[in-house]
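Per Swiss-Prot, the features are:
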| type | residues | note |
| --- | --- | --- |
| SIGNAL | 1-33 | signal peptide |
| TOPO_DOM | 34-621 | topological domain 'Extracellular' |
| DOMAIN | 61-165 | domain 'Cadherin 1' |
| CARBOHYD | N159 | N-linked glycosylation site |
| DOMAIN | 166-274 | domain 'Cadherin 2' |
| DOMAIN | 275-391 | domain 'Cadherin 3' |
| DOMAIN | 392-495 | domain 'Cadherin 4' |
| CARBOHYD | N463 | N-linked glycosylation site |
| DOMAIN | 496-613 | domain 'Cadherin 5' |
| CARBOHYD | N609 | N-linked glycosylation site |
| TRANSMEM | 622-642 | transmembrane segment |
| TOPO_DOM | 643-813 | topological domain 'Cytoplasmic' |
| REGION | 696-726 | region 'Disordered' |
Amino acid sequence: MRPRPEGALRAGAALSPVLLFLLLLPLLGHLWAASTPAPSSLSPGAQEDNQLGAGRVKRGWVWNQFFVVEEYTGTEPLYVGKIHSDSDEGDGTIKYTISGEGAGTIFLIDELTGDIHATERLDREQKTFYTLRAQARDRATNRLLEPESEFIIKVQDINDSEPRFLHGPYIGSVAELSPTGTSVMQVMASDADDPTYGSSARLVYSVLDGEHHFTVDPKTGVIRTAVPDLDRESQERYEVVIQATDMAGQLGGLSGSTTVTIVVTDVNDNPPRFPQKMYQFSIQESAPIGTAVGRVKAEDSDVGENTDMTYHLREESGSGGDAFKVTTDSDTQEAIIVVQKHLDFESQQVHTVVLEALNKFVDPRFADLGTFRDQAIVRVAVTDVDEPPEFRPPSGLLEVQEDAQVGSLVGVVTARDPDAANRPVRYAIDRDSDLEQIFDIDADTGAIVTGKGLDRETAGWHNITVLAMEADNHAQLSRASLRIRILDVNDNPPELATPYEAAVCEDAKPGQLIQTISVVDRDEPQGGHRFYFRLVPEAPSNPHFSLLDIEDNTAAVHTQHVGFNRQEQDVFLLPILVVDSGPPTLSSTGTLTIRICGCDSSGTIQSCNTTAFVMAASLSPGALIALLVCVLILVVLALLILTLRRHHKSHLSSDVDEDMRDNVIKYNDEGGGEQDTEAYDMSALRSLYDFGELKGGDPGGGAASPPQAASSSERHSLPRGPSSPEPDFSVFRDFISRKVALADADLSVPPYDAFQTYAFEGAGSPAASLSSLHSGSTGSEQDFAFLRAWGPRFRPLAALYAGHRGDDEAPAS
C-alpha cells in the first residue's frame with residue numbers, strides 16, 4: 001500500500017500562505033518517503049502474515065505518519081491523506097478500514113479510495129497526535145490482503161495560545177536606597193504551543209508600566225531596580241506591569257501580562273526629629289519623687305525597629321536639671337520626664353534641661369546622611385503650694401537626768417514655714433505617743449519640759465512625736481520624732497541577789513566556805529558597779545562566821561570555829577551591809593540565814609531538826625517545760641472526763657421517750673393562756689413528779705417528805721386581812737427565810753426561779769384567752785368543736801365544753 005501525496009493539496013487551495021507553507025512540508029516528506037523503501041520496522045502487524053497466501057511476497061506500508069493542521073475552521077472535512085495498497089487495481093475489490101484513536105468519529109476513511117478526512121476541529125494543546133491502524137481487506141471475503149499497519153496523525157501546531165503567568169499574584173520587596181540593578185524577584189510565563197516547532201513558544205519579557213524604576217531581563221524574567229534612590233517615605237509600593245510575548249517578540253506574536261506588586265522596605269535613613277524646639281511644663285513643688293512631669297515624642301519617618309529611640313537629659317549649667325530624669329515608653333516611644341528630687345519653689349522656680357533623642361539602631365551605610373539624633377529645650381516651672389512647717393532636723397535625740405524636777409527643760413525643737421510668707425508656727429506633743437503626759441512643750445518656743453517625775457529604772461527611753469503647725473492653718477501639719485534618753489542617777493541601793501539561805505554541818509571546820517553572796521543594783525553607772533561588803537556595825541566581830549569581800553562584787557561567808565551544837569541553836573541570822581560606789585553612796589542590809597544541820601561522815605546533810613530546809617536550787621529550762629507539760633496533761637484529762645460525763649448524761653436523757661402527758665394549768669387570775677407555759681421548762685417541772693415517785697411520795701397531794709409538807713403547810717400562812725398602816729416586815733422576812741431554807745433542802749425543785757408577770761389577756765395564744773372577761777357572748781362564739789382538730793390531746797376538752805354548752809341550752813329549748 002502506498003499513499004497518494006497529491007491528495008494533500010485538495011483542501012489547501014484557499015489557505016493562507018503560512019498554512020500553505022505548513023501543508024507543503026508534509027508533502028515534501030511524502031515525496032521523500034515514496035522514493036525510499038519502507039523499513040520493516042514501519043510494518044507492525046506482521047503477526048497476521050499467516051492470513052496471506054503462502055506464496056505471496058510480503059508487502060509493507062510505505063507511509064506511517066500524517067499531519068493535520070489544528071484549529072481548522074473550514075466547513076468541509078479536512079483532508080488528511082490517502083492510504084493505498086499495491087494490490088489495489090482500482091476495480092473496487094479492496095476495502096480500506098481504520099481503527100484506533102478517533103477512528104470513525106474524528107477521522108473517517110473512504111473504503112474505496114483510502115482517503116482520510118478529519119471531521120472535527122483539533123487542538124494540539126489538548127492532544128498532539130493520534131495513533132491509528134490501517135487495514136486492506138478483500139471486499140468479498142473480508143480477508144486481509146496485507147498485514148495491519150499502524151500510523152500516526154500528528155496535529156500540526158499553529159500559534160494560537162498566548163503566554164500566561166500562572167503563579168500570580170506576584171509580590172516582591174526591595175530595600176529602599178538599594179543600588180541600581182538590585183534583583184527584586186523573577187516572573188515566568190508559560191505558552192501552551194509546541195516549543196519544538198517554530199517560535200510559537202519562544203517568549204520575550206518586557207516592562208509595560210513602571211519602567212522608570214524597574215527593568216526586567218527579556219529572557220529570564222528577573223526584575224531589577226532601575227534607579228538607586230528608591231525612597232520608602234516618598235512611595236512605599238509600586239505596581240509594575242510585565243508582558244511576555246511569544247514568537248520571540250516578532251510581529252504577529254501573542255502576548256500576556258501580569259501586575260507585580262513591589263514593596264519598598266524601610267531602612268534607618270531618617271533621624272528622629274522633635275516637632276518643636278522648646279517644651280514647657282509645670283508641676284507643684286509638693287509632687288513626690290516619681291511623679292511624671294510630661295511626655296515628649298520625637299518623630300521618625302522610618303517604621304518598625306528603625307523608630308526605636310532613647311532619650312537623655314542634659315542639664316544646662318546652674319539650672320538644677322538633676323531634679324529630673326527621663327525614661328522611654330517602649331510602646332509609644334515617648335520620653336517621660338519624671339521628678340527624681342524634691343522640688344522647692346522657694347529655692348528654684350524654673351528648671352531648664354536639654355532633651356536629646358537618638359536612634360537605638362544606626363546603619364553605618366547611611367552614616368554620611370548625618371547624625372541620627374536631635375535636641376529640644378524643656379523648661380519645667382515649679383508652682384508654689386502652702387507647705388507645712390519643716391523641722392530642722394526632722395528627728396533628734398534629747399537627754400535628761402532622771403532626778404530632774406517637774407518643769408525642767410529637756411530640749412528645744414525648731415520648725416519654720418518654708419513658704420515665702422513665713423507664717424508663725426505652733427508646737428504640740430502628739431498625746432498618742434505620750435499617753436502619760438510625761439513631757440510638755442511650749443506652744444510658741446518649742447521648749448520641751450518634764451511634766452512628771454522620771455524614773456530610768458521604769459522607762460529608760462521615751463519616744464514622742466512633736467507636731468508643728470501653722471498658727472492660722474492647723475491643717476498644715478508636720479511631725480518630728482524625738483527620742484529622749486533618761487540619764488541614770490544613783491537612786492537605788494544595792495540588794496542581795498536572792499534571800500540567801502545556807503546550811504552548815506555541826507562538825508564544820510574553821511574557814512569552811514558556807515555561801516558566796518552577790519548583789520544586784522537597778523542603777524547603771526557609767527563606770528560600772530563596785531560593791532563593798534561588811535557585817536553590820538552592831539555585830540562587827542561575829543564569833544561564829546566571817547565575811548570576806550572578794551572585790552569582784554561578791555563576798556564569801558566562812559565558819560570561824562570548829563563545830564556547832566544545833567540543840568543549843570540551830571539557826572543563825574547573819575546581817576550583811578552592802579554599799580555601792582555612788583555618788584551618792586547608798587547601802588542596804590541583807591540577812592543570810594544559816595541553818596545547823598546533822599550530816600553524815602561524807603558531809604551530806606541528813607536533818608536540820610524539825611525545821612524543813614530547802615536547798616537553793618534552780619530548775620533548768622528543760623525541767624520547767626516538763627513540769628508545764630505535766631500540768632497541761634492533767635488539765636486536759638480533767639476536761640476530757642468532765643466532757644464525757646456530760647455527754648453520758650445527755651445521751652441518757654435523749655433515750656427517754658417523749659412525755660405525752662397533758663398539762664392542766666389552773667389560773668386564779670386573768671392570765672395569758674398558753675403563753676404562760678412558754679417561760680417554764682416542762683421537763684424540769686415534770687421532774688418533780690418523777691422525783692416524788694422515786695421517794696415514794698405523792699406529788700399530787702399525798703404523803704410527802706418533811707420539807708415538802710412544811711412547804712405545803714405554810715402555803716396559806718400569809719395574812720389575808722387588810723393590811724395595817726404600818727406593816728410588820730419581820731413577818732415577811734421570816735416567811736421568805738423559811739421558803740429559802742426549804743428550797744435549799746429540797747433536791748427536787750428546779751435549779752432556777754420562775755417568776756411570771758401577766759400584762760395581757762393571752763390574745764396572742766393560738767387557743768385565744770380562757771378568761772371569762774375575754775369570752776364571747778354569742779352562741780357562735782361558744783362553739784368549741786374546733787378543739788377536736790387540734791389532736792387527741794384536746795378532744796376531752798372539746799367534749800367537756802360541748803357537754804357544758806348542752807346543759808346551758810336545755811332550759812332555753
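Quick reminder: no glycine exception, Cβ is built from N, Cα and C everywhere.
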Among N159, N463, which are glycosylation sites, the residue with the most C-beta atoms within 10 angstroms of its C-beta: N159
Integer mean pLDDT for the domain 'Cadherin 5' (496-613): 87
Nearest-integer angstrom distance between the alpha carbons (Cα) of N159 (N-linked glycosylation site) and N463 (N-linked glycosylation site): 109
Positions whose Cβ lies under 8 angstroms from the transmembrane segment (622-642), at least six residues beyond its ends: none
